[in-house]
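Chemist: Pasting the relevant annotations from TrEMBL:
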type: DOMAIN; residues: 319-391; note: domain 'DUF1736'
type: REPEAT; residues: 507-540; note: repeat 'TPR'
type: REPEAT; residues: 541-574; note: repeat 'TPR'
type: REPEAT; residues: 609-642; note: repeat 'TPR'
type: REPEAT; residues: 711-744; note: repeat 'TPR'
type: TRANSMEM; residues: 33-54; note: transmembrane segment
type: TRANSMEM; residues: 131-151; note: transmembrane segment
type: TRANSMEM; residues: 188-207; note: transmembrane segment
type: TRANSMEM; residues: 228-245; note: transmembrane segment
type: TRANSMEM; residues: 251-274; note: transmembrane segment
type: TRANSMEM; residues: 294-313; note: transmembrane segment
type: TRANSMEM; residues: 380-399; note: transmembrane segment
type: TRANSMEM; residues: 411-432; note: transmembrane segment
type: TRANSMEM; residues: 438-457; note: transmembrane segment
type: TRANSMEM; residues: 466-484; note: transmembrane segment
C-alpha cells in the first residue's frame, strides 16, 4: 500500500518540482523572446543555420583544402587505413621533422569516405557534409544552452526539463548565425572543428546523463541523492577522446565537465571554497566535494584525460611541431615582454571577432598584425579593455551574492576560455597568429554571456520590445554576413581578394592573389602581387621562387637568377628554388653551376623526379647521353607517370639511332601510361623508322584521335604514308597539318615533293 501511494503522488511531486524550479531565478522571466516547443525551436535553428551557409555547397577546394585533401595520399584507396594513425592531418608522417603534429585521424577518415563515395575529388559532397554538421551542432546547442542557462533537472521518468526555453533558443540562434564560423563551414578543412565540436557537445550531454537518477531521486523523495552513473562518466571520457582525435581542442571538454560538475551538480561557491582552503576550515568536508562524489568523478576525468594524452604522445613522439617565424612572429620574439604583450593583443583580437565579426580574413599571418614592441603603441588600449572586461566578469562570477549569476558567468567564462587554451601559445607554440576556426568552440561562452547580458538589459529596460527588435536585427545582419562570407569562400579568387581590404599588410594574401592569377595565365598581374608580397616580407622565399619562375618564362633571366639566389641564401634547404635556379643557369649556358644547383636540390629532397628530369635535359644539351638517360630513368622510377621523362628517353634513343632500345622504352612507357598521346606519337615515329608501318599507323591514328589538332601528328603520319607508298593518304594528312600550322617545319617541303611525285605519276599514267 505504501508503494502504491508513493507512485500515485509522484506526478504531483514532479509538477510541484517544476513549479518550484520556475520560481527560481531564470533568464526566461526577463527575456522578451519567442517561446517555442523544443521540437519547433530545433527546427528553426536548423533551418536558419542551413540558410546561412547553403550557398557554399557548390564551392571549390580552396586554400588549405589543396594540401589537406587533393594532395593528401591518405584519402586514396591504395593507402592502408592503418597509415592514418601514424600520419598528421596533411598526410605527412608524424615522425617527420616537417610535420605540424596536427593529429586528426578521424577527420581524415571522413575525408577519405567522402572521396571514395564520390569516386574522386568532387567538392560538393565535402561541402554538404560540413553544412549538415554545422546544422546538427546548432540543434544540439539548444539542449546544451538549456542546461547551461537553466540548470540540469530531470523528471522522475528520466526526461530532462528545459527550464530556459527562450534564452536557450536565443543563444543557439546566436551560435548558428555567427559569421566567424564561416571558415569552419565553408572551408572544407574546417571539418576538423565541426567534428570536434559535435563530439565535444555529445561528451557534455553524456556527462549530464550521469546524474539522471540523482535528479529523479530528488523529485521522488525531496532529498538530493548521491548517486551517479559511472558508465555515463566513462562514455563522456570516450567521447572526449573521439573529439580530440578530430581536433586537439576536444580534450578540453573533460575540464569543462569538471567545472560544470562543481558549479551545477555540487553548487560550489568558488570564493567560499578558496577561503576555506586558505584558512584550512574544518567544515571543508561539508562543501560537497566528498559527499556527492565530485572528487571521484574528477579523478575519473583526470585519469581518462591523462591516458588520452599519453597515448597521443606515444603515437606522435616528443618532437615539437615545425613552425617558422612568419607563421607566428610573436612566439619567436626574444623579449618575454614582447611575447606576452602580443599574445594578449591576439586574445583581444579574437574577442573582437566574436563581438564584431565584420573584418574576416582567411589568414592573419605575415605582417597582417605587426608586433607591438613598446608600451607607447596605441594598440595597448585593446589589451587594457580586454582585461578590464575579463576582470570585471571574473569578480562578478566569484563575488556576486546571486548564486544564479555566479553560475552562469562562471560557465560562460569557462566555455569561452578553456576551449581556447590550446590556441593561446601558453603551453606550446601554435602555427598561426589569429585563426577564426579556433573560435568555433569558444563562441559557446560568448553566446552564454551575450544572452545573460541581454536578460539583464531587458530586466532594466522599460521598452523591452525595442531590445528584442535590436537583437533580431543583430541576428539578421549576421545571417546576411554569413551568406556573403560563404560566397567569398566559394572560390580562391574571391577569398583571396576579400582579404586585401582586411589585411593589406599580409604578404601571404598578396602571394595567394598572385598565385591564383598566375594559374589563370595572367602573368603580368601576378608579377605585381608577387613583387608586393616580397616588398612586404623581404624573406618570403616562396614568393621569390614563384616570381623567379614567371620571369624565367618571360626570358628575364638575370632578375630571375637574383631572386632565386636570394631565396636559397635565405632558406638553403629550399629544394624547389635550387631546381629553378638550375633551370635559369642552364638557360644562361652556365652549365656547371646549373648541374651543381640540381644536385643541391636533390640533396635536400631525395625523391625529386622533376629535378632529375631537368638534370637529364642539361646532360642532353651537353651531349652526355648516358648521364641524360640515367637521370630520366631516375625520374620515371620515382614517378612512373612522368610522361616528359619517358618521351625524352624515346626521342634521345631515336635520334642516336638506338631504335630497338627506343622501341622497348616506348612500349614500357605506354604500359604505365596507356592514354598518353605524346608517348604514342614518339613510339609511332620509332616504329615507322623500323618499317613497322602497320603498327606505327595504328599508334599515329590513336594519338590523332586523342589530340586531333596537333599539326605534327598529321605531318609525321603523312611522312609514314609517304614512305609506305600510300600517297593519297599522305597528301590528305600533309594538307591537314599545313591547315593547322602553315609554318610547320619540313611539312611544306615534304608536301611539295609529294605533289611533284604525284604529277610525275599522272604524266606517266597519261
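For all residues, glycine too, the Cβ spot is worked out from N, Cα and C.
Automatic, uncurated: that is what TrEMBL annotation is.
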Chemist: Sequence-remote contacts (6 or more beyond its ends) of the transmembrane segment (380-399), Cβ cut-off under 8 Å?
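Modeler: Long-range Cβ neighbours of the transmembrane segment (380-399): 270-271, 341, 344-345, 347-349, 351-352, 372, 405-406, 409-410, 412-413, 449.
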Chemist: Quick check: do the transmembrane segment (188-207) and the transmembrane segment (438-457) share at least 3 Cβ pairs under 8 Å, counting only pairs 6+ apart in sequence?
Modeler: yes
Chemist: Are the transmembrane segment (294-313) and the transmembrane segment (228-245) near each other by the rule of at least 3 C-beta pairs under 8 angstroms (pairs 6 or more apart)?
Modeler: yes
Chemist: On the 0 to 100 scale, where does the mean pLDDT of the domain 'DUF1736' (319-391) fall?
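Modeler: Summarising the domain 'DUF1736' (319-391) by its mean pLDDT gives 88.
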Chemist: Using a Cβ cut-off of under 8 Å, list the residues of the same chain at least 6 residues beyond the transmembrane segment (33-54) that approach it.
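Modeler: 130-131, 134-135, 138-139, 141-142, 162, 165-170, 172-173, 176-177, 182, 185-186, 468, 471, 478-479, 482-483, 486.
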Chemist: Who are the long-range neighbours of the transmembrane segment (438-457) in its own chain, taking Cβ under 8 Å and residues 6 or more past its ends?
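Modeler: Long-range Cβ neighbours of the transmembrane segment (438-457): 27, 30-31, 141, 144-145, 148-149, 167, 170-172, 174-175, 178, 180-181, 184, 190, 193-194, 196-197, 200, 249, 252, 350, 353-355, 393, 408-409, 411-417, 419-420, 422-423, 467, 471.
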Chemist: Are there residues at least six beyond either end of the transmembrane segment (251-274) with Cβ under 8 Å to its Cβ atoms? List them, or say none.
Modeler: 147-148, 151-152, 200, 203-204, 207-208, 211, 214, 236-237, 239-241, 243-244, 287-289, 292, 294, 297-298, 301-302, 304-305, 308-309, 397-399, 403, 406-407, 410-411, 414-415, 418-419, 421-422, 441
Chemist: Counting by DSSP secondary structure, give me helix, strand and coil numbers for the repeat 'TPR' (711-744).
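Modeler: Helix (H, G, I), strand (E, B), coil: 28 helix, 0 strand, 6 coil.
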Chemist: Give residue numbers and ranges for long-range contacts of the transmembrane segment (466-484): same chain, 6 or more residues beyond its ends, CB-CB under 8 A.
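Modeler: Residues 32-33, 48, 51-53, 55, 170, 173-174, 177-179, 181-182, 357-358, 454, 457-458.
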